[in-house]
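J.: Annotated transmembrane segment per TrEMBL: 21-41, 61-86, 98-120, 140-166, 203-220, 227-246, 252-271, in sequence order.
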Amino acid sequence: MSLIDFLNDLTNPVLAFLPRALLIAIMSSVVCGVVGVHVVLRGLSFVGDALSHAVFPGVAIAFALQGSILLGGAVAGLVVAILITTFSQNRRLREDSIIGIFFAAAFALGLVIMSRIPGYTGSLESFLFGSLSGVTNTDLIVVAASGFFILAILALLHPYIVLVSIDRDHARALGIKSMLVDLVLYLAIAATVVISVQSIGNILILALLIAPAASARMLTDRVVTMMVIGPVLGSIAAFIGVWASWQWNLPTGAAIVLCSSALFVLIWIFAPRRGIAAGFLSKLVRLRKVAP
């Protein structure tokens, strides 16, 4: 199937789920691209991974009660984010130790709850790997509203989050409550995970948080510019991934993540100033200058 055929399918009324799937994948990628910049700059990859697993118990309980999976995941993410933020203020234990404990416990609890629900296998697979075929208009509205709220909060608190990330002691000296800033950031990561679960899946969400932001980091030093480049790269990966999954019947979340990872590798090699190729050429030029 060519790209033109795919674009035609997007306007086919019989395939109404396809444009919804593409739209929710792009919206999730945009939010992940912005939130991922903070994750990359602060070295919070493990936090992103932990929170992506921490929402599992809430999703399992929501499924058991036949309630909203988004709401269940949000509540679980909120609880774990508060616990991680509170316990990590005690500097006797490293933050990654606290995160590891809560992430493992939360995921184990989710597995126990899921195992007690009859016929849970299909829903567990959708949660772990994503499923775009069942996206509804309500899902689109919820993800759009949640994504807008997340981005608005991050934009409002952007100077404080960046300052705490760069120099926590200086931020405290200025009267900024670093614990509150940490909590807001962790909640933003948890909320991003929750709204992205349907398109990407719990297992692969970390890659969509990290890869576009890491690619943007290779291209610029400016945080705001990174927050523009990251979502653009994520959206490109989402579009190509949905097209590839539709053409070759691939898992959509996996296809999106592979495209995002491929973009990162290309940028890592060919980035104008920091890429491997640029570094090699720079060394070659220097060697020629020194050569007699």
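Cβ atoms here come from the backbone N, Cα and C positions, even for glycine.
Quick caveat, the model's predicted, so the values are computed rather than measured.
In terms of burial and nearby residues, how do these features look in this structure?
T.: Counting same-chain residues at least six beyond the ends of the transmembrane segment (61-86), those with a Cβ under 8 angstroms from any Cβ of the stretch are 47, 50-51, 54-55, 95, 98-99, 102-103, 106, 113-114, 116-117, 120, 123, 127, 142, 146, 179, 182-183, 186-187, 189-191, 193-195, 197.
Sequence-distant contacts of the transmembrane segment (98-120) (same chain, at least 6 residues past either end, Cβ-Cβ under 8 Å): 46-47, 49-51, 53-57, 59-61, 63-64, 76, 80, 83-84, 87-88.
Long-range Cβ contacts of the transmembrane segment (252-271) within its own chain (Cβ-Cβ under 8 Å, at least 6 residues beyond either end) map to 21, 25, 29, 129-132, 199-201, 204, 207-208, 211-212, 214-215, 218-219, 233-234, 236-238, 240-242, 244-245, 277-278.
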J.: Could you check whether the transmembrane segment (227-246) packs against the transmembrane segment (140-166) - three or more CB pairs closer than 8 Å, residues at least 6 apart in sequence?
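T.: Not in contact, no.
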